[in-house]
Structures are given as structure tokens and as C-alpha cells.
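A short worksheet on the structure shown next.
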Amino acid sequence: SVLSLAAPLVAVVCRRLGERFTSILGAALLGGGCLLSTQATSVPFLCISMGLLLGVGFACLYQAAAVMTAKCCRTRLAFSNAIARSGMGLTFLLAPFTQLLINLYGWQGTLLIFGGIMFNLVPSSMLLRASSTPAAQQHQQALLAKDNSQTLKGCLDESTAGESQHQSAQHLPTREALSMSHSRDGSGHLGPCRASCSPRAKRSSKAFPVTTREASQPILDLSPLKDPVFCIFTWSFLFSHLAYFVPIFHLVPRARTLGISSMDASYLISVAGITETLSQLLSGWVADQNWTKKYHYHVAYLVLSGITNLLCPLATTFPLLMTYVVALAVFCGGFMALVLPVLVDLVGVQKLHSYLGFAAFFAGLAAIDGPPLAGWLYDYTQTYVCSFLFAGACALLSPISFLLEPAAQRWKLKKAKL
């Protein structure tokens, strides 16, 4: 939850200080949180060290990685994003690996090992391409203005010397005066000075407004909240995350109520993770072929995942549940891989930090509320059928907002022309 709720704050840090520094900060918070947790003596201590520090650290890493991917991989953004996200589908392997480490080294030794692994992200973050931040731009413009002032001063001194030389030439013999007049251009100023001063003066006159504009920008950019295209995307993102986590939490309990053993039920989660990873790669590659708009694929995957969840109550045996899991993983992997490319296509890269931060914030609220709502439905009805029906309904509500996307784009174009 902290990963998503901290997204607007991390967006400010990333926009001000750059993706490289933000990623290094996130890696340091992850490693430091794991090491600090080895000294934990209570649950509130772990809520700070494991919950807050690791959550903010993962938020920094995700924000920096997503924005860097969008900036550097524009031609193959969907497939690049799918590759970057593909490891998330294999997180089911962490459970047995963690249990093995606990059996060998204890919980404190396991946290030390994970802390060391996280600190390896620091040198990898240093490999990110440095981006131009407002602070760096202001420093560069200050240096340029200083250089321009020195150059302009030199030109004025040279011009003054040329004028005194012109006055002294009037008292010289005609031949000497003629030779000195030929050393000047037709405007009465020295040619080299004019050639060197004019471009620099023009550049310096254009540098100061940029600095003023950058300094006047607010720390927290709230303009995405006024953008109708962003509201359309956020509606879809919110409802898709309401539906996404419900099957993950309720699949194994439903399988056990159907008489399926715990070992067989764990296979369902493993197959779902592997299938979703492969689906993300395939979905990203297909979207980059540009046969149609990327949000059209996104909408299709959301509709199909909703229909699949609505059909889940019909899966009452292990083969049918496996079929349901494979189909759902294919469609969920498809739309999750296209979240970032769709957002970039709708709003561009210029303010992606702010747009992505607020979108992740609202999606985090949905991810926190989805499983508890589904759990309340189970407590009320004493069956997991309603939980999957709830997930299917949310998935079908998610793409409805994209019907308004053409009208929103026309409204923005009309407003820009005014």
C-alpha cells in the first residue's frame, strides 16, 4: 500500500532530482530497511522498517524505472515495459526461497541476505542515464549568463577601443586613416566583436525566462487532476486494480472449498505466475506492431478478464480451475503490460512523473480496498462465488471510461487553439 500511496511524493522527488538519484535513494531505503529490521523487537518497529521504508523504496525504484523506460524506449515501449515487468509474475518463487533461507540462517540472517541483495541495486541505479532536472537547468543557465556577461563586457571594451582608434585616425595622414578604416566593418564597429557578441547576446536574452518559468513551477503539480484524459485513464486504472487482486487472494481458498488439496491449489498460483509473465511479453510485442491504438488492446484484455471472472463459478473441478487460471493470467498480463504505454500515448512524457504518481496513488487505494470488500462478501454470503463476480463486474466497468477518450482529446485540442 505504501508503494502506491507514496507515489505522488516520489514523483516530486523524481521530477526535481532526476531518475538516477531517485533510484539510488530507493535502493538505499530497501537495503537499509532490511538491515534495520534485523534489530526489530516489536510489530510497530517492523511496520516502520519493513512497511514504510521498503514501501517508499519500492515506490522510488518503480517511478524511476517506469519514467526512464518511457523516455529511452519510445519506439518499442510496450515490449520494453513488458520485459521490465516480467519478473513480477515470478514472485511466487520467493515464498519457497525465503522459507529455505529461514530454515538455514534464521529470520535475521534471511533479512541480512535480502538487504545485501537490495544494496546491489545501488550500482545498477548508477547506470541510469542522467536526466536534466530544474536545478541542473538553473545552474547551467547561470553559468551561461555569467559567460555571456563576460563576453559582452569584452566586446564593449573592444568596441570602445575601436571608437578611440577611429577618433585618433582622423588626426593621422590620409593613408594611415584609410588603412584603419578598412579594418572596421561598414557599421562602424569591429567585425569580430560583432560576430562574437550577437549570437551570445541572443542566447543570454533567451536563458532568463526559462529560469523564471522553472522556478515558478509548484512543488506538487496538480494539473493532472484537471485533465479529462487523465481522469478517463484513472477510472480504468482504479477499477482494474479493484478486480486484479481478488483472484490472487481467493483462488486457493475457493479451490480448498471444492475439495482440492493445498498442494494442487499451490500449482494454480505457480501456473498463473508463469502464464502472466509470458502473456506480458507477447502483449507488449503485439502492441508495438501498431496495428491499432494501444488502448484498444487494453480495453479488450479488460473485457475478456471480466468475462473470465464471471465464468469462474462454473469451474468446480481442478482441470476447469486450471483452465480459468490460464485464461485469466493471459488477459491480466495483457492489460498490465500496457498500463504505462497507454498512459504515455494519452498524456505524453513531458509530465509523466506527475501523471504516473497520481494514477498509482488512486490505483493503490483500489488495491487496498479490493480484497477486503471481496472478503466482506464472503463473510456475508459464505461463498467465494460473489468475490469472483465482484472482480468480474469491476473489470467490466474499467474500460467504460475509454469511450469518452475521443471526445476528451477533441476538447483538449479545441482548448489549446483558444
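A Cβ is built for glycine as well, from the same backbone N, Cα and C atoms used for every other residue.
If you look up TrEMBL, you'll see 42-65 (among others) marked as transmembrane segment.
Residues or ranges marked as transmembrane segment in TrEMBL: 77-98 (among others). Panel annotation: around the transmembrane segment (77-98), residues 65-66, 69-70, 110, 269-270, 272-277, 280-281, 283-285, 287-288, 294, 329, 333, 336-338, 340-341, 344 of the same chain, lying at least six beyond its termini, place a Cβ under 8 Å from a Cβ of the stretch.
When Cβ-Cβ distances below 8 Å are used as the criterion, the transmembrane segment (104-122) is approached by residues 23-24, 26-28, 30-35, 37-38, 57, 61, 98 of the same chain, each at least six residues removed from its ends. Annotation source TrEMBL lists transmembrane segment at 104-122 (among others).
Sequence annotations record features per position, and here TrEMBL assigns region 'Disordered' to 160-210.
The annotation compositional bias 'Polar residues' is assigned in TrEMBL to 161-171.
Taken from TrEMBL, the feature domain 'Major facilitator superfamily (MFS) profile' covers 228-418.
Residues or ranges marked as transmembrane segment by TrEMBL: 229-253 (among others).
With a cut-off of 8 Å between Cβ atoms, the residues of this chain six or more beyond the transmembrane segment (265-287) that come close are 78-83, 85-87, 89-93, 248, 251-252, 255-256, 294, 297, 301, 321-322, 325-326, 328-338, 341. Residues or ranges marked as transmembrane segment by TrEMBL: 265-287 (among others).
Residues or ranges marked as transmembrane segment by TrEMBL: 299-318 (among others). Tertiary neighbourhood of the transmembrane segment (299-318): same-chain residues 236, 240, 243, 246-247, 255, 258, 260, 264, 283, 324, 327-328, 331-332, 334-335, 338, 385, 388-389, 391-396, 398-399, 402, selected by CB-CB distance under 8 Å and a gap of 6+ residues from either end.
Annotation comment: TrEMBL describes 324-344 (among others) as transmembrane segment.
Feature annotation from TrEMBL assigns transmembrane segment to 356-378 (among others).
Positions annotated as transmembrane segment by TrEMBL: 384-404 (among others).
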Per-region confidence, the domain 'Major facilitator superfamily (MFS) profile' (228-418) (mean pLDDT, whole number): 86
Close approaches to the transmembrane segment (324-344) from elsewhere in its chain (Cβ under 8 angstroms; 6 or more beyond its ends): 66, 69-70, 77-78, 81-82, 85, 89, 233, 237, 240, 244, 247, 251, 268, 271-273, 275-284, 287, 294-295, 297-298, 301-302, 304-305, 308-309, 311-312, 315, 352, 355-356, 359
Long-range Cβ neighbours of the transmembrane segment (42-65) (under 8 Å; 6 or more residues past either end): 1-7, 10-11, 13-14, 19-20, 22-23, 25-30, 32-34, 36, 84, 118, 121, 125, 128, 353, 356-357, 360
